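Take a look at the structure set out below.
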Amino acid sequence: MSVVGIDLGFQSCYVAVARAGGIETIANEYSDRCTPACISFGPKNRSIGAAAKSQVISNAKNTVQGFKRFHGRAFSDPFVEAEKSNLAYDVVQLPTGLTGIKVTYMEEERNFTTEQVTAMLLSKLKETAESVLKKPVVDCVVSVPCFYTDAERRSVMDATQIAGLNCLRLMNETTAVALAYGIYKQDLPALEEKPRNVVFVDMGHSAYQVSVCAFNRGKLKVLATAFDTTLGGRKFDEVLVNHFCEEFGKKYKLDIKSKIRALLRLSQECEKLKKLMSANASDLPLSIECFMNDVDVSGTMNRGKFLEMCNDLLARVEPPLRSVLEQTKLKKEDIYAVEIVGGATRIPAVKEKISKFFGKELSTTLNADEAVTRGCALQCAILSPAFKVREFSITDVVPYPISLRWNSPAEEGSSDCEVFSKNHAAPFSKVLTFYRKEPFTLEAYYSSPQDLPYPDPAIAQFSVQKVTPQSDGSSSKVKVKVRVNVHGIFSVSSASLVEVHKSEENEEPMETDQNAKEEEKMQVDQEEPHVEEQQQQTPAENKAESEEMETSQAGSKDKKMDQPPQAKKAKVKTSTVDLPIENQLLWQIDREMLNLYIENEGKMIMQDKLEKERNDAKNAVEEYVYEMRDKLSGEYEKFVSEDDRNSFTLKLEDTENWLYEDGEDQPKQVYVDKLAELKNLGQPIKIRFQESEERPKLFEELGKQIQQYMKIISSFKNKEDQYDHLDAADMTKVEKSTNEAMEWMNNKLNLQNKQSLTMDPVVKSKEIEAKIKELTSICSPIISKPKPKVEPPKEEQKNAEQNGPVDGQGDNPGPQAAEQGTDAAVPSDSDKKLPEMDID
């Protein structure tokens, strides 16, 4: 079973796998561990990753990048409106109201959802992992920013399904970094001791995230998170781009922003310049040849000037740092370490700001680029039954407070209640109790819209169906289980109605006989963090079982709280009935549409595969043309007649011209047939060359064999001791076979020497190999027959043993005899060691 962690970044992606030796970040087909988050659409296929990155400028309108933040967002979203101006491709409104991406693919205009585009990237990363692991990849853990809302998280989950992946967990990027940091630490405080507080700062290409985590041995608890969703490396790039657009506009009279290709080229150069300035404080040049209207442009920049231009951005570094300390009520002295990751943290001014705020040196023990994917792979290994991993519990937080709203007839309006506060532990479940006579609807929403980086605070509506009053007309008790799962997604996971069955005896009043106003109140059962933490550590296969356990425990606790003392005296029976729940999720893709996207992705993967095979077949023809044309005037020259060489060379030239004209775009089979046609002419020449190389070596080997056997035959005839045990008839057979082989070899050599090199050889290498094998199989068993061993006679030893007792020496041995007996009874040291030596 494969264990894979995927860091799905804004600009680039990483894939890590868990193996017996630990966690390994794997490389793609370009031997690069970083895969650009880029997809280019062409007339025949899609290019994904590094291949697409090279087409950003040449195929700008159909090359998609920077789409990560479109997940779960409507086309009218202010964020989408702001992003559109920076994109080379078209962003359109889909029939559902969501943001779509418009490109030309397979010679026709196509609109793709953000989920489809992300699924394409995930399919590529999946293929990369499978090529390294040599087995299918299904289970994975995918990273998302900690500030993602429900709609965005569900959108990413849909993308994983389209790509054919089973996402065991959507993991917050800062939590993944914390796991990668903590699981290997051997010096963490014990569970009963004060935890170690570590701040993790992650500034990537598009966003800035901060979290505070408390570590104990085998335990990680996220205390709080803070973020700036738009502060990242690209903002610093934009400062440089805007500066040079203005400078080149004045200096060269160019309107750079009117030409998207020119703007993309400038963006690439500015990103390189920014990275150079991180390591160099001196003036650095920026030069671009034939930049726009055949004009070469150049400029300079240094770190000091760049930092002055970025003052507004640098001022945004501190607020999230201050926010996490305020949320956790920690002092700077309570922080053990500040660990930084993400590409933008390499900017010296950013590091200086963070270090100055905490008043301590920053820690860089983690790989700034790969920490997230390594943490995801570790989480996948923890969830997978295929790996035995050190026990390590992970408790995350809810980034925004979540509330429920419902209609309350008794109060003639709506009521609401906050079920999960900000920084509440997650994953987590709660059981709520309602008293209702009819179906009702719960509306989930984020209760602090001002803190939300998303325009719509609504999460979903959950309608609890088939609610009926009790037999006496009173309100029924309805238990609703709400939870934030391991993906950070809120849901009403179940609802049940408690039916009361009364006996015929007079009973004391039940809890259900409350006044109408009290019936409308909601009761929240006590929380169970321990159950959730246990569920967190169980393998993915046991999730359902854990949830059942959690529900039953919550139910029993609820009964204890709700059941009044009078009920013990009354003879009352209760039963629960599961109620159906209808979900209306914000921007959720329906199952039918999701299946269609899965089918379309499969078709596109197959089209890419067919196009690759077609290109490989075409390249094979081109490669053969160049190879044979070169060798015909080189090493193959002696093995082909002048007329044949001229005609074959002409054929190769015609094929080359055909490849760039009529044969430029042909089906795969046409190229396969063309290659076979060329090989019919070229293969005989190649074989003649190979035979001329191998034949002398094999004849030499055969000659050595014959000489060896002739020497042995001569030694046998001279009756040398070494061979005097061999049978004469067998040696006659050896002599006959050797003479026949010599005659065959001489005959073939003479014929071959008379044969022209431009003609097929008289004898082929395989025939010589067969003759060597035949001669060896006949002669070798005979001449290698071992000499029979001659054992010394044992009669004298037996007589010596019998004579001793007969002479009477056995009863009264003298001193000498006694000594001899002792020697015989106790063997010497050398005698003792012999068996060991023999064994060795």
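Backbone N, Cα and C define each Cβ position, glycine as well.
Taken from Swiss-Prot, the feature compositional bias 'Basic and acidic residues' applies to 514-533, 788-799, 829-840. The annotation N6-acetyllysine is assigned in Swiss-Prot to K53, K430, K679 on the grounds of similarity to another entry. The phosphotyrosine annotation in Swiss-Prot covers Y89, Y336, Y660 and rests on similarity to another entry. Annotation source Swiss-Prot lists phosphoserine at S393, S415, S546, S756 (among others), citing similarity to another entry. Feature annotation from Swiss-Prot assigns phosphothreonine to T538. Here Swiss-Prot flags K773 as N6-methyllysine, drawing on similarity to another entry. The region 'Disordered' annotation in Swiss-Prot covers 500-575, 783-840.
Separation of the C-alpha atoms of S393 (phosphoserine) and S756 (phosphoserine): 79 Å, rounded to the nearest whole number. Of the listed modified residues, namely S393, S415, S756, the sparsest CB environment within 10 A is found at S756. Taking each of the modified residues K53, K430, K773 in turn and counting other Cβ atoms within 10 Å of its Cβ gives the largest count for K53.
When other Cβ atoms within 10 Å of the Cβ of K679 (N6-acetyllysine) are tallied across all protein chains shown, the result is 13. Between the CA atoms of the residue listed as 'N6-methyllysine' and S756 (phosphoserine) there is a gap of 28 Å, rounded to the nearest whole number. Under the DSSP three-state reduction, S415 (phosphoserine) is assigned to strand.
Cα spacing between S756 (phosphoserine) and Y89 (phosphotyrosine): 65 Å, rounded to the nearest whole number. For Y336 (phosphotyrosine), the nearest of the modified residues K53, Y89, Y660 in terms of C-alpha separation is K53. For K430 (N6-acetyllysine), the nearest of the modified residues K53, S415, Y660 in terms of C-alpha separation is S415. S393 (phosphoserine) falls within a strand segment according to DSSP. Checked against S415 (phosphoserine) by C-alpha proximity, the modified residues Y89, Y660, K679 yield Y89 as the nearest. The modified residues under consideration are Y89, Y660. Their Cβ neighbour counts within 10 Å are lowest for Y660. Taken residue by residue with DSSP, Y336 (phosphotyrosine) is part of a strand. Following the DSSP three-state reduction, the secondary structure of Y89 (phosphotyrosine) is coil. Annotation note: K430 (N6-acetyllysine) sits in a strand segment as assigned by DSSP. Within 10 Å of K53 (N6-acetyllysine), judged by CA to CA distance, lies none of the modified residues Y89, Y660, K679.
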